[in-house]
Amino acid sequence: MYRSSPFDLGSNITDFDAIRISLASPEKIRSWSHGEVTKPETINYRTFKPERDGLFCARIFGPVTDWECLCGKYKRMKHRGVICDKCGVEVTLSKVRRERLGHIELASPCSHVWFFKGLPSRIGHILDISLRDLESVLYFEAYVVVEPGDAPVKEREVIKDETKFRELDQQYRPTGFKALMGAEAIKELLKRVDAESLSVELREKMKNETSIQKRLKFAKRLKVAEAFRKSTNKPQWMILDVIPVIPPELRPLVPLDGGRFATSDLNDLYRRVINRNNRLKKLMDLHAPEVIVRNEKRMLQEAVDALFDNGRRGRVLRGANNRPLKSLSDTLKGKQGRFRQNLLGKRVDYSGRSVIVVGPELKLHQCGLPKKMALELFKPFIYHRLEQTGHCTTIKQAKELVEQQEPVVWDILEEVIKDHPVLLNRAPTLHRLGIQAFEPVLVEGKAIKIHPLVCTAFNADFDGDQMAVHIPLSPEAQIEASVLMLASHNILSPASGQPITVPTQDMVLGMYYLTKARPGSKGEGRAFANIEEVLLAKEMGEVETLTPIRLRYTGDVMDLTTAYDDQDVTHTEPVPFQRQYINTTVGRAILNDNLRRATAEMPYINGLLKKKGIGNLVNYVYLRFGLEITVQMLDQIKSLGFQYATRSGLSIGIDDMVISPNKAKVVKEAEQTVNSVQQQYLDGAITNGERYNKVVEIWSAITEKVADEMFGNMQQMDKAGEINPIYVMADSGARGSKQQIRQLSGMRGLMAKPSGEIIETPITANFREGLTVLEYFISTHGARKGLADTALKTADSGYLTRRLVDVAQDVIISEYDCGTVDGIYVSSIVESGEIIEPLRDRVIGRVSLEKIKDYEGNVVVDVNQEVTEDLANGIAAAGIERVKIRSVLTCESKRGVCALCYGRNLASGRLVELGEAVGVIAAQSIGEPGTQLTMRTFHIGGTASRVSEQSRLDAKNNGTARFHNLTVVRAKEGHLVVMNRNGAITVIDEKGREKERYAVVYGAKLRVEDGQQVKLGQVMVEWDPYTFAILTEIGGAVGFKDLHEGLTLHEEVDEVTGLSRHVVMDSPDEKRQPAIVIKGAKGTKRYLMPSRAHLMVLDGEEVFPGDVLAKIPRETTKTKDITGGLPRVVELFEARKPRETAVISEIDGTVKFGEVSKGQRKIYVVADDGTEREYSVPRGVHVNVQEGERIQAGEQLMDGPLNPHDILAVLGEKQLQSYLVNEIQEVYRLQGVNISDKHIETIVRQMMRWVKVEDVGDTNFLLEQQVDKFRFRAENEAAIASGGRPATGRPLMLGITKASLSTDSFISAASFQETTRVLTEASINGAVDHLRGLKENVIVGRLIPAGTGMEYYRNVALSPELEAQAQQVQEEVHQAYEEAERALELLRNEGEDETGNEELVAE
């Protein structure tokens, strides 16, 4: 495909639809080649010219300098295409040395290491020879039978014994016996393979085979046979006769100073091959002894292996400084490989980088660009404009003007950058808002100025961060930048739909100060007729900014001071006022005066605005007034915030850290409580573990109490009108948190040991008082761990993002409606009775699947209608519990997803458009906070924050208590005790609607009866969170079974207290099953005792229903690491099986216990129809179910995490999908990160696209093959249509890494991971990549098929009038391009034209 003429460069090679990869036949390799390389020499040591027929030969690969042959006989362009008769070099461009290949003819065939050694061995599979035997044949250690003749051996049998071979050879050679060794033998065998008949034969064998082991083996072989059958590849091409030599410029030899050369490793590897090949040729010509020739052939084979993949087999070849040589495979692999370094990540021109500083005077769509940078970046535009305006006539003159920085140049620069957006990017670019477009404003100095409000999106601060600038060149690029990427168009986060350009830090502080009321200020309580009077009084000094006043007002007023949530601007209804008085402050009047400049319809906002309130205000304005007004208002708030933060003069000093006066008293009380707990322990009432837990609990509570008191004090001072800057900063949300202030002026609290346990003696001091040496020492560990973790987790999170992007990159909105009839149900998320996320928030921006009706039967939302904010409020008002919506999980689009299943594009607030790359957006939205999760430790400095255990449930509403599925017994004290695990208690209002629902734990004490009226705050349930109790359901006498001292029981004597208690232990004899049997009037009942249970009763004792028989202490709590559950997220996305998973029941039924064998206890679940399932649970693990209890499918039989694959098998796809989405959301929710469900659903959809074939039927699938769902369905439909039997399969969930590697596109998979494996597989299959995803297109250098590059938007026809205009524009553009081309050509020829180009005047 090479082209020697430079004038053919215009012809386009991007005009193709697909790329195929396959094995190259020897003929193909020879046809690529421009000549055979026969000498190992590179360049001549004296002349530095390439040696003839060597690795850099100019005759084969092309001239070293443009338009010049090697000997210098032909120079200049006029001899184009001539082949020099003296040196044989063609006169052409030297860059053909980047594209011309050579070849090496091997004296003896060699195997290709990928196909022989890559697992599974393709050569081995197709010949049915084991890898070890194959290796011994290829490396001349054994013979393989090619022709058995009459000998008692089979074809392909491997003979390892030399003497045996000799005997057979002597005896049977006349009858045609032939055995060979080396690649020749294998090649001979491969030639005879007929893929077609092999395929048929294997399918027959599979049908008749009963052993699963053998069937799987046949399936593996069949896979390789099918690959050859379907592709044009021939098996013998896996053995090489000819090796291609890649172009010399791609394996350069660079002169260093000092006369030495740096060379690419490939040259060394090629030299080895050539040397050994030449030596082998000589030996063969000399008819050398077989042994020597064989040895040489083996060495040649090893050299070829090393060239293709160094270190795959045998020793790694090392270079001069003991560094392994980089082979061809290594050039492709890894982050530094061809794919990731050069194809996916290219460096671009017209870019620069510099330090950033804040530019508070900028508008949201502007950035400050240093003049020096702008001058360099916009050079071509300046040259062109200088020529146009007649300031100069040639490019050369323009260049001189710019270099001398003439005054006219600056004016031209101003003109050029007007309306020419630039892109700013801050690394790491974690989501799409890491690159935004701005209109440049020229600034002095060398720093880029950026608007303070975009810092959140870029995650930028001004402690030395740098940013890169890129210039969009083509008109299309400029339009896209200003329409799609302008900072003022990107104020919503694509992850959650919340505003992301929200004021932070100083601005929040200023706004808080401005809207604060300070009693006792000058002029308090004065009444004003309108805002203008207030401003006048302020100017005259009659009132202060914080003075509370009364203002007469006409218009809408949003009074946050009376609202339930005083920051909830979005949901507070404005009330119309008619010349009525508002109690407000001067500052709030100033704020509203400013806000009304953006729009006159703005309601008067009366309230103290904190960070959350300002965020909600931005959201409110965006929803009500749209983008333009929001942007104006943001700039108003920015200016006001900075202005008043400055005017307030807030600063902090040590006296602002107010220590609560009765801190000492509280701490003393705590010490007394701890001592009493210690005493209980000494008396033997509690175990050591319980003591520890209680002590930790006490100190946690005290730390909170001290902090609350301190905060309360600050609040009192604040109300009294004394401003405490530290309190103001934390309360406003500008900087610092309650936790940090607690450490400054409360107490530092509990710290963690390096092992992660909590040290039970807390640091009672704070930073203001100062720490003792011991306290300081205890603190250091936490602080250091924080720093170390941050560094490690950032890398993990980045890798997670990479995998997510890879698995979802080709999910694009491909059609408007896929016509599915399936959807998912959503309802509010409730955790321990609290509504964490109301239904209203979950359905906004989704599309309803069916009519949503209220209880009267009125339609609230229609079919396929997008649920807007108003409709969602309607749903909430109607009290609807759950709705069915469309989701990407149930979308039927074969490629990508459809707009209706996806719903709203969160970044724009409208229904998603065709071509939107929602997969990448989803991946970024999940990955970006991953880095945030990981960087979180940092600030709290390792203080142990334990989630204090909940031990009771209080009613949150008035209503009626109802029990659901609760089994209870009445204890002797008269209260009810819960005896099962899957029950719940709810509170119902007078209309019968469920207001709250709580799952109730086993062993909990109920403080209410079924149907009892409860009041708000009433205790309903209590339990002990630190131990797990086993209770009796019946009264009677205790009898021990298999509980013998020393065998299954041991007495633990506490060293401190001297008291003993019995603890159950594992017995070496498996027949013994420790249990307590209660014999009562109502019969007998047996309770199995797990190991580590502490017995609370004695043999023969009398017990009553609900009494505790044994306690199992819970593990002592360790502090939650800041992995922020990052490992948990990875575990879920990778579909890993967690360690020690819980066994779940596959059927509904009744529990029956079996015997223990081999360390496993058998549990049977018997269904109503008598079928039973058997489960094995490790002995000594606490079993969650009682004998005779009824359980449902999917219920856990023991404690532990669930295995997602089990959920899929037992409960099906929908259950698993909702499990994954909720589990992942939970991790993020704990961190306070808001991500829309649809992003997680998008990734989960990609994980669950697969089916594993269990029975092939009459289709072309293979057993155990994993297939795309849609392809599976299509093949089955085809099979049924032709009267065959369809295949059956089971749904399969793949982790994101596996799913990425299973994609149709081999280019995408190879650039992700395991490059060699992917390419080996693809080339055998003759795989065709249709370039449908994003990555493949980036790699081959085309526009990505998403966004404006989507097919749908290409080839759009225009009306005739527009057509004419477009034609004209096109001609003008074409003309401009031609001028530029001419100018470039002149610049190129400047150096070599003798005439000089001063006289050449371009028009």
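Positions of Cβ are set from backbone N, Cα and C atoms, glycine also.
Per Swiss-Prot, the features are:
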BINDING   C69, C71, C84, C87  Zn(2+) 1 binding site
BINDING   D461, D463, D465  Mg(2+) binding site
BINDING   C818, C891, C898, C901  Zn(2+) 2 binding site
COMPBIAS  1391-1403  compositional bias 'Acidic residues'
REGION    1384-1403  region 'Disordered'
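Features as recorded by Swiss-Prot, highlighted on the structure.
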residue	record	contacts (Cβ under 8 Å, 6+ apart)
C69	Zn(2+) 1 binding site	A58, P63, K75, V82, C84, K86, C87, V89, E90, V91
D461	Mg(2+) binding site	C455
D463	Mg(2+) binding site	none
D465	Mg(2+) binding site	V355, I356, R426
C818	Zn(2+) 2 binding site	C891, E892, S893, V897, C898, L900, C901
Have a look at the binding-site residues (C71, C84, C87, C898, C901) and report the one with the fewest Cβ neighbours inside 10 Å.
C71
Starting from the Cβ of C891 (Zn(2+) 2 binding site), draw a 10 Å sphere and report how many other Cβ atoms land inside it.
26
DSSP-derived class (H/G/I helix, E/B strand, else coil) of C898 (Zn(2+) 2 binding site):
strand
Going by DSSP, is C69 (Zn(2+) 1 binding site) part of a helix, a strand, or coil?
coil
Can you list, in sequence order, the residues of the same chain other than C69, C71, C84, C87 whose CB lies within 8 Å of the CB centroid of the Zn(2+) 1 site?
A58, L70, G72, K73, Y74, D85, K86, G88, V89
